[in-house]
Amino acid sequence: MMFVGFLGCYGAIQESQCLLGTFFTCLVILFACEVAAGIWGFVNKDQIAKDVKQFYDQAFQQALMAESETNNGKAVVKTFHETLDCCGPDAATGVITPLWREDLCPKKDFMKTLSQMTSSCHQKIDELFSGKLYLIGIAAIVVAVIMIFEMILSMVLCCGIRNSSVY
């Protein structure tokens, strides 16, 4: 992305049609990749959620077996727990884990602990991919609109450079 931005900025400063054309071509390729990734992600959202749950389970097992604070599995699990406000892959593990390994679950008051007991991290991951999918879509649409404006402006500048007279 830095290279593509450099092409656009340097091409505009130097008034180079070649650099602006390369910038436009790179933007078209990135736009096509973004659209393809969005369609693929929407079609395969269930598989992606399954893969995220599998990744969480592996990290949870590593975190349970680790004793040191520098374990990557422990950091990943703590991030999942704090972000999704859950503890453990299922409800039974969510009740036992804070008693056994209090460093893995976020410290909450009693009411939050009761709500954590009823919802597992697997449920929260499913909710994230089914309920919050529109936020990901909105972000992708905003990025796509910005890229379209960049493509339009680069072509306008490139045509303006071509039509300007050289002294």
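Yeah, the Cβs are placed from backbone N, Cα and C, and that goes for glycine too.
Unlike curated entries, TrEMBL annotations are predicted automatically.
What TrEMBL says about this one:
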type	residues	note
TRANSMEM	20-43	transmembrane segment
TRANSMEM	133-157	transmembrane segment
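Residues 3-4, 7-8, 11-12, 133, 136-137, 140, 143-144, 147-148, 150-151, 154-155, 157-158, 161 of the same chain, all 6+ positions outside the transmembrane segment (20-43), place their C-beta atoms under 8 angstroms from a C-beta of that stretch.
Within the same chain, residues 8, 11-12, 20, 23-24, 27-28, 30-31, 34-35, 38, 41-42, 45 sit at least 6 positions outside the transmembrane segment (133-157) and bring their C-beta atoms closer than 8 Å to a C-beta of that stretch.
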